[in-house]
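Asker: Annotated domain 'Peptidase M50' per TrEMBL: 124-464, in sequence order. The feature transmembrane segment is assigned by TrEMBL to 50-73, 124-142, 154-174, 194-216, 412-437, 457-481.
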Amino acid sequence: VLQSSNSLKASYEDWLLTYGLSVSPFHIRWQTAVFNRQFYNWGRWKPRFLYLWFSIGMVFGIVAMFGSVILLGKTLMQTLTQMLTEAPNAQNDRMLQVVVSIISSGLYLRVVPGVNLPVSQLTYFFSAVLISGVIHEVGHGVAAIREQVRFNGFGIFIFIIYPGAFVDLFTTHLQLISPVQQLRIFCAGVWHNFVLGVASFIVLFLLPAILFPFYYTGVGALVTEIAEDSPANGPKGLFVGDLVTNLQDCPVYSVEDWNSCLEDISEKSQVGYCISAATLQQLSFPARVYRRLDGTVECCSNNSLTDICFSYSNNLDSHLYACLPARKVIEASKVCRTNTDCQKDFVPSFCVTPSLENQTRLIRVKHPPHIDMLYVGHPMHLQYTVSLSSFVPRQNFLSIDLPVMIETFCKYLISLSGALAVINAVPCFALDGQWILNSFLEATLSSLIVEKQSRELVGFLILLAGSALLAANVALGLWMVTAR
């Protein structure tokens, strides 16, 4: 609108030029020369070290170019297989784990904010994308100065909603240097992304030691957040700040233990609880037994919130049922699988097992000093609606969320920086892989294919195939995400 105005066009364009701004549909870019001196200082720091550093990066970039093609080819085959074997419309709705998806596919272009990325984690996502992009471009800029290529400026852009960075190099200088020098510059971006991912992984791995003066680990899983619709809410449920130490007879020392225990409980059949014959006779009361639609048995009134139908067996009958108050049966009871597990001190006892619907479990959650929480439902529902941390503050004034924030941010940096390295290494038009491939062919095929046009044709065909492979991965990946 401003450019179409005769009176405002000139002043508007002058204003953009003064502040280094460029605006176009879905895209805004800002470039500055303020950081040029800093880039030149970095590029001239310890020349021998930088030569070795970017030479290693060159080797890594070439390997990454071939590796990215293999990875994208494997990902495409997996996606096609999944499309042929699954019916997306018939799948259960579930929150896709964005970090796992990125690591397995190597494509952050598959991440759709609000679709398979939780809105609460958008800050982590966009911050990690921006930092990964800046580190990527810093690699290009420092390598270019090291190879005596003029550096014009550094900038940041926003394309639709995705932030990024770029460096402006003098093209003529770039074309005059040797192909090996060009490779050091073009591979520096993916090399720096790889290093950032490794550094983030080291921080994540050493986080318990780093935070040891302020937080301790290995004592349980600390509850940091409970969703409003979580079945763990309630006066006898979990609260923020509770320390979970056991799920049934499965000890919990960390968040990983919490997740593995819930998965184990979900995969195995419902455990039972030991109860003496005298207590069973005292607590049980007559009830009508009927079968549910899934074949399981119910023997309690539908209006009861505290009683659960239990099944057990004796020497004469293996299909007996009793409606019992759940808390009185389970509290201080030993977990069992058969009656044999309950034989002690010659006291007649039975192993009573909750008779619940398929996939539903009764889980005893220990979080001392509070009374045990009894949860009835699907174990994964408990996993998705309760957020926990392995870090327990040593002092009350320390935040319980800080370690979780650091952990989450490191995971995003690992995933997104790695994904950016994979994406840019692909031999595809308009990506670093295009220039890496061209320089690689010039450095290796100049003696075999003398004519430059022939080398350019080989490069063009490879770029065409790489672009088609990347486009197919992105298109099918987005289709899978939206179809789910």
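Cβ atoms here come from the backbone N, Cα and C positions, even for glycine.
Because TrEMBL annotations are produced automatically, they should be read as predictions rather than curated entries.
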Asker: By a Cβ-Cβ criterion of under 8 Å, what residues six or more beyond either terminus of the transmembrane segment (124-142) are in contact with it?
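Answerer: For the transmembrane segment (124-142), the nonlocal Cβ contacts are 39, 42-43, 50, 57, 98, 108, 111, 113, 117, 151, 154, 156, 161-167, 169, 185-186, 188-193, 196, 408-409, 412-413, 415-417, 420, 424.
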Asker: At a C-beta cut-off of under 8 Å, are there same-chain residues at least 6 beyond the transmembrane segment (50-73) that contact it? List them, or none.
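Answerer: For the transmembrane segment (50-73), the sequence-distant neighbours (Cβ-Cβ under 8 Å, at least 6 residues beyond its ends) are 43, 106, 139, 142-143, 146, 180, 183-188, 190-192, 194, 421-423, 425-427, 432-433, 436-437, 440, 466, 469-470, 473.
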Asker: To what whole number does the mean pLDDT across the domain 'Peptidase M50' (124-464) round?
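Answerer: So the average pLDDT across the domain 'Peptidase M50' (124-464) works out to 92.
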